[in-house]
Amino acid sequence: MSGSSPPLRDLDPPAGAPQSVIGSDPAKRRQIVDGARAIFLERGFEGASMGEIARRAGVSKGTLYVYFQNKEQLFCAIMDEERRLHLDRLGSLDPDRDLRDVLVQFGRSLVIFILKSKTVAGMRAAIAIAERMPDVGRAFYERGPATTIKTMAAFLDRKVAQGDLSIRDTRLAANQLLDLYQTSLVRPALFGLEPSPEEFDAKVQTVVEAAVDLFLRAHRREDDGESRG
C-alpha cells in the first residue's frame, strides 16, 4: 500500500451516495470484515489487496467498495470490533471490591485476551505501517491501548478519592501498571516468543501478581493515611 492513501478522517462515502445503499446489510458487513481479518493475518496489512479481501469474503469488489473504500477503513472496523470484545471480556473494575483482587483479575483478563486473541498480530501490523501511515497507527492506538489506559485511570481516580491510593498522576500510573502487566509476556509475544501451553496460566498469574504487588507498594496508603511512595 502506498503512502498516498487519504487520512482516516477523510474516509467518507461519496457525496450524494444513497444511505440505503452504503453498508446497509449487517450480515454482508460481517462477511467482509471476517474476510479482511483473515487476509490481514495471512499477508499483513500492506501485503493485502482489496481484490483478495473481496474474494475471501465472497463478494464482488463493487460490493466491497460500497461498505469500505480502502484497507484503512477495514482495519479500523476490525480494531473497533476488537475493542468491544476487549472491554466486554476484561470485566468490571469494581471500586468496592478488594483492590488487589480487582487489579489481579483485570491484569489476567487483559494479558490473556491479548495473547489468546489476534491482538498481537494487529499490534505487529500497526507498528509495521505506523511510520508511513501514521493515521493507521494512531487509529490502532486510540481503539486499543488508549481506551484501556482511560478505563484504568478512571478506576485509580476512584480509589484515590476513596483514600486507598496516593497517586498524583493517575493517567501516568495507569500506563505504568498496564506496562507492568504486559512487559514480560506481551513484548516477547510480539517477536513470536510465548509461554508454552503447559506453563501459560501459571506464568500469567505470576507476572500479574508481581505487577500488582509492585504497584501497590508504590501507591497504597498506610493505615495512618500516609503513602508508601
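Each residue, glycine too, has its Cβ placed from N, Cα and C.
Source: prediction; values computed, not measured.
As annotated by TrEMBL, DNA-binding region applies to 49-68. Under the heading domain 'HTH tetR-type', TrEMBL lists 26-86. The annotation region 'Disordered' is assigned in TrEMBL to 1-26.
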Looking only at the domain 'HTH tetR-type' (26-86), mean pLDDT returns 89
Could you break down the residues of the DNA-binding region (49-68) into DSSP helix, strand and coil, giving a count for each?
-> 15 helix, 0 strand, 5 coil
